[in-house]
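Just below is one structure, and these are the notes that go with it.
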Amino acid sequence: PAVSAGRARPGRPGGVPGAGRPNTRGNTAVSALGILFNTGAGQHILKNPLIVNSIIEKAALRRTDVILEVGPGTGNLTVKMLEKVKKVIACEIDPRLVGELQKRVQGTCLANKLEIKVGDILKTDLPFFDACVANLPYQISSPFVFKLLLHRPFFRCAILMFQREFALRLVAKPGTKLYCRLSINTQLLARVDHLMKVGKNNFRPPPKVESSVVRIEPKNPPPPINFQEWDGLVRIAFVRKNKTLSAAFKSSAVEQLLDHNYRIHCSLHNAVSSFLIYSVYCDLYTEIPENFKIAEKIQTVLKDTGYSEKRARSMDIDDFIRLLHGFNSEGIHFS
């Protein structure tokens, strides 16, 4: 049979088949394997064994490793990893492919090293693992990346295959065309490297998009930042990344959100001040004037921090850390 590493990305978004009768719309027969692959759900066979071997090499697998594999497909990459590690936990949503994978190792010495989890990886609690190898349908790429990066305990690294443009966004730098919220959020939490391009002709049948393999190594320890606060700020800034921050923060929806958060912040501090009225902390009390306008306070913070005329497209992690600190210092929060 052709060498397989499971799924590549589809050319368009598509549902992933679940239990029950499989969706045959967009299916392509791969006679060598005797199974219909749902190309609409991203099931494409990687036919180049050099790429399979390269992925394994770049994962730097160890004999003691527990590997999390997402989208094992028919298991050719799985089997090669089983030969090198302590255990592979394979997560697959398509019960037909689960059957193929089980048959692949049944009766061999590798069977006891393989654990299969059937279901949607986004709805599954991740187990303990040392490294992750995944070949994802592109429509779940972003939520899966952040599910990984927020997972504890820390893992060593992840070798992931994505749609080419998504991969390039992960590694994009400030000032480049593809730099976006995904770029800065990922790079805050991890070191990201583009390892290699995988052309569509390396798959059978060929998908409609090019692919890339990326290495993600979580920062351990993580930066001392509340990620919900951070993401709230970055989300606002990157809605229109070419606008100045002064203009981006003039949205009525943004002003309403920050005004609500500011009033909650003040009420909490006032409660603390009342409780500690006889202590040195009574200066925590914050009274909101009747003519208070959050828009004016926002613009004051932007000017005082020097970011009023800056644009998100050119700001790096340090810039956003300083800006977040400036807002938080004035009682303005994003979560």
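Heads up, the Cβ atoms here are built off N, Cα and C, so glycines get one too.
Here's what TrEMBL has on this protein:
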type	residues	note
REGION	1-24	region 'Disordered'
BINDING	His44, Leu46, Gly71, Glu92, Asp120, Asn135	S-adenosyl-L-methionine binding site
DOMAIN	51-220	domain 'Ribosomal RNA adenine methylase transferase N-terminal'
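With every protein chain in view, the residue among the binding-site residues Asp120, Asn135 whose Cβ has the most Cβ partners within 10 Å turns out to be Asn135. Between the binding-site residues His44, Leu46, the minimum number of other C-beta atoms within 10 Å of a residue's C-beta occurs at Leu46.
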